[in-house]
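What follows is a single structure, written as structure tokens, with notes after it.
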Amino acid sequence: MTRAYNFNAGPAAIPLEVLQQAQEQFVDYQGAGMSIMEMSHRSTFYEQVNNETQDLMRELFQIPENYHVLLLQGGASTQFAMLPMNLLTPGKVGAYVQTGAWADKAIKEAKVIGEMAVAASTASDSFMRVPRLDEIVVPENAAYLHVTSNETIGGTQFHEFPDTGSVPLISDMSSDILSRPVDIGKFGLIYAGAQKNLGPSGVTVVIIRDDLAADSPKSIPAMLRYDTHAKAKSLYNTPPSFSVFMMKLVLQWIKGKGGVAQLDQLNRDKTGLIYDAIDGSGGFYKGCAHTDSRSIMNVTFRMANEELEKLFVKQSEAEGFVGLKGHRDVGGLRASTYNAVTLESCQALAQFMKEFQQKNG
Ligand code: PMP
């Protein structure tokens with residue numbers, strides 16, 4: 001079997017070992033005579049999966065005791081709405097750092113629910129950088145400050161987070177959760193769809209400080225309230241049991257790799273190879289993000305013209321690379337190097353880039 005060099009932006013690569021483990025357990029889960037997908041979510045088997053997944057998340061991401069780990073559905077896109085529904089109370093504003101396409105989506109939903117303020121924006125730099133911390137102005141009546149820690153499309157990433165004092169700091173970490181250590185205590189709430197760093201799509205992780213999950217406004221329906229899911233330990237209704245099971249296997253794999261600090265180093269080494277190929281190309285490849293805002297998850301770059309970019313994609317596909325075409329909204333090229341993307345894949349890509357340049361430069 002040949003595995004593709006998978007640089008997809010999400011859904012994305014899942015460790016081969018995890019896929020094989022899932023395959024082994026697929027038909028008969030722990031001698032139960034059925035798969036995990038066929039079991040009651042109230043069974044001891046599934047309860048264990050639910051608990052272990054939350055515990056592993058806590059352990060690997062060093063989540064303090066006073067936070068809940070929620071396993072929800074609806075993707076990060078539902079969190080764009082659920083966050084202001086729960087936390088944007090009358091008289092307050094939801095403050096947002098506008099860094100690109102995903103921050104914009106979060107902003108759009110906040111406006112549906114209540115008052116929104118832009119605390120900083122890098123639109124004038126075409127979102128090719130994140131703001132410096134001293135550019136972020138949090139309004140006095142802010143209910144929270146929302147940042148997108150990693151902009152998947154633009155390829156920018158926060159390398160430090162603002163200190164927001166008593167105002168809860170919220171982050172969409174969909175595309176960089178568990179890729180590096182984070183001081184969770186700085187945040188009120190973190191959310192992420194699983195389909196990049198945590199496993200398959202279908203489950204959305206919300207890490208929420210206890211006080212923010214204590215009592216949601218009465219007007220919100222049960223499924224959209226953080227307190228519902230916190231009280232029910234994410235078993236209020238039928239969970240995406242297979243996705244959670246897969247996420248558990250991915251978390252065990254991360255633990256086996258030595259944890260998040262080790263992955264952080266590996267991720268830097270991986271993207272380092274690709275950024276080096278860009279920076280050493282004498283301008284043949286041009287990195288999109290400003291150097292100090294570069295993402296260690298999504299490397300975005302361009303070439304002299306679209307014809308050359310198309311040729312790059314076509315030839316890369318012939319060599320077994322998948323997912324190198326940039327997002328349709330911005331064009332160009334993008335290599336997503338999430339946790340499960342191997343160093344070998346990145347070495348192969350850096351080599352391919354050099355050879356492509358030799359032939360076409
Ligand atoms: N935020 C970011 C940073 C993303 O990359 C994505 C998905 N690419 C989303 C939100 C939306 O996630 P979902 O499709 O799970 O709703």
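Yeah, the Cβs are placed from backbone N, Cα and C, and that goes for glycine too.
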Given that TrEMBL annotates ALA76, SER77, TRP102, ASP172, GLN195, ASN237, THR238 as pyridoxal 5'-phosphate-binding, name the residue from THR89, THR152, THR156 that shares the site.
-> THR152
Is any of ARG42, ALA76, LYS196, ASN237, THR238 (recorded positions) within Cβ reach of ligand 1, i.e. under 6 A, and which?
-> ALA76
Sequence-ordered list of residues in the chain of TRP102 (pyridoxal 5'-phosphate binding site) that lie 6 or more positions away and have a Cβ within less than 8 Å of its Cβ, or none, is ALA76, THR148, GLU151, THR152, ILE153, ASP172, SER174
Close in space but at least six residues away in sequence, with Cβ under 8 Å from that of LYS196 (N6-(pyridoxal phosphate)lysine), the same-chain residues are ALA9, GLY10, PRO11, ALA12, THR152, SER174, SER175, ILE177, MET297, SER336, TYR338
